[in-house]
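Enquirer: Sharing a structure, written as structure tokens. Questions coming.
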């Protein structure tokens, strides 16, 4: 029996990946595809439904993204969200106009409870709006099923043709009944059964890897992070000792992290595990480098070189495991994607290395990889690890990297993490760490003047890392961090707390 599928046509909206995650939460497999996908290609995939995403364009723009008009004639249920709804209205003969008052933020919504889309949804609720254009007149054959004070067509539908549109964003948490609305589209309109589970996904991946690899050899670049760790465990379950894991220790890890990774994978999982100590080479390469992008590129290039050297020592292998995630795939295929920071990944390996990639999680999101890890029996301390950048502490030490600065930020970071765990906040806070901003300040310790480094503490709350707010850590916990760092970490005499959200800031300082 073929697995149910929902296709999400990507028009460049900021919440597109969030839509996919919400669909998956309802146990339905979905894929994000470019808006240029043809009606014929859609028919071949045989989806249960289509979702047209939001986007920054206007339907009247010269180069505005449009899907094929034939898509609306396929007899496949369609939900248009924001721009996707405007495009549906415009294409089918409705009228879209520029709003006098742009709607942005939480908005009071009134809906028709007789609509399948709003089954068991309160008539009055709050939704999240983010638009400049709006649907002024619904196309012929459509019924208006939702309104706001400034939006006469906040929702519309042609029930006979299973075409639905909403001007608001049901995928974001600020829309009170957003999850229920999406669930209604998937189950009441598309008649999905909900046949997608992590257990089934893992079984299929293990079987596919086993059939692909056979008796051949596989190499895994293991960082100790969630993605590569869970990928290594899954592949190891599929092929056993035919997998060899290479762990490049670049000397930019958190306190005791290298030893911890080695113990987990060599001793607990009994994998073929090779640890390469390359600290001197990396610190030598970073000497005098202060620009954050140059630091990232230097680390990435040397990582590739070290990994390639080790691979040649091992001998012939046919496959390489990578912990690539679905957002990487989506962003690489999206015309509107922009590079904010270069990403450190083994994907930059030389083309002349003859191997085939195994990417078991290339269709999963981060939270789904964590679920997969728990299903596979991966220890919780790995599954719930803090996100950690590939360049490691090199991007948490601003300016030039030195052994002294690394030691200071490493010790301070260990204290921050320890105090968060002691306070029982480690599951509530998405990410927390110490930063050395390369700022010296005057202090007094005992009867002596000091001139030492400032340490920044960064802690954020988030559900998806696309947006984040600074964590309201209790003052007594912050006080404990500050007191311990100043007393226990030589070279630090001032502690500051970062209270900036994302946006405008990014999570990492570099």
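A Cβ is built for glycine as well, from the same backbone N, Cα and C atoms used for every other residue.
Below are the features I grabbed from Swiss-Prot:
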type: DOMAIN; residues: 5-195; note: domain 'Glutamine amidotransferase type-1'
type: ACT_SITE; residues: 82; note: active site, nucleophile
type: ACT_SITE; residues: 169; note: active site
type: ACT_SITE; residues: 171; note: active site
type: DOMAIN; residues: 196-385; note: domain 'GMPS ATP-PPase'
type: BINDING; residues: 223, 224, 225, 226, 227, 228, 229; note: ATP binding site
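Structural setting of the listed features?
Expert: Cβ contacts within 10 Å of residue 82 (active site, nucleophile), excluding its own Cβ and spanning all protein chains shown: 27. Reduced to three states, the DSSP call for residue 82 (active site, nucleophile) is coil.
Residue 169 (active site) falls outside any helix or strand according to DSSP and counts as coil. Taking the Cβ of residue 169 (active site) as reference, residues of its chain lying under 8 Å away and at least six apart in sequence are, in sequence order, 15, 54, 81, 82, 127, 128, 129, 130, 175, 178.
Sequence-distant neighbours of residue 171 (active site): residues of the same chain at least 6 apart with a C-beta under 8 Å from its C-beta are 15, 18, 19, 22, 81, 178, 182.
Neighbour density for residue 226 (ATP binding site): within 10 A of its CB lie 24 other CB atoms from the protein chains shown.
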Enquirer: What are the non-local neighbours of residue 225 (ATP binding site), defined as same-chain residues 6+ apart in sequence with CB under 8 A from its CB?
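Expert: Set apart from residue 225 (ATP binding site) by at least 6 residues yet with Cβ under 8 Å, we have 323, 385, 387, 388.
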Enquirer: For each of the binding-site residues (228, 229), count the other CB atoms lying within 10 A of its CB, then report the residue with the highest count.
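Expert: That would be 229, with the most Cβ atoms nearby.
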Enquirer: Across all chains shown, how many C-beta atoms besides its own are within 10 angstroms of the C-beta of residue 224 (ATP binding site)?
Expert: 21
Enquirer: Hey, does DSSP put residue 228 (ATP binding site) in a helix, a strand, or just coil?
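Expert: Residue 228 (ATP binding site) sits in a helix per DSSP.
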Enquirer: At a 10 Å cut-off from the C-beta of residue 227 (ATP binding site), count the other C-beta atoms across all protein chains.
Expert: 21
Enquirer: Would you list, in sequence order, the residues of this chain other than 223, 224, 225, 226, 227, 228, 229 that have their CB within 8 A of the centroid of the site's CB atoms, where the site is the one recorded for ATP?
Expert: 222, 230, 231, 323, 382, 385
Enquirer: Averaged over the domain 'GMPS ATP-PPase' (196-385), what pLDDT does the predicted model reach?
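Expert: Overall, the domain 'GMPS ATP-PPase' (196-385) comes to a mean pLDDT of 86.
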Enquirer: Tell me the Cβ contacts of residue 223 (ATP binding site) under 8 Å, same chain only and six or more apart in sequence, or just say none.
Expert: 229, 247, 323, 390
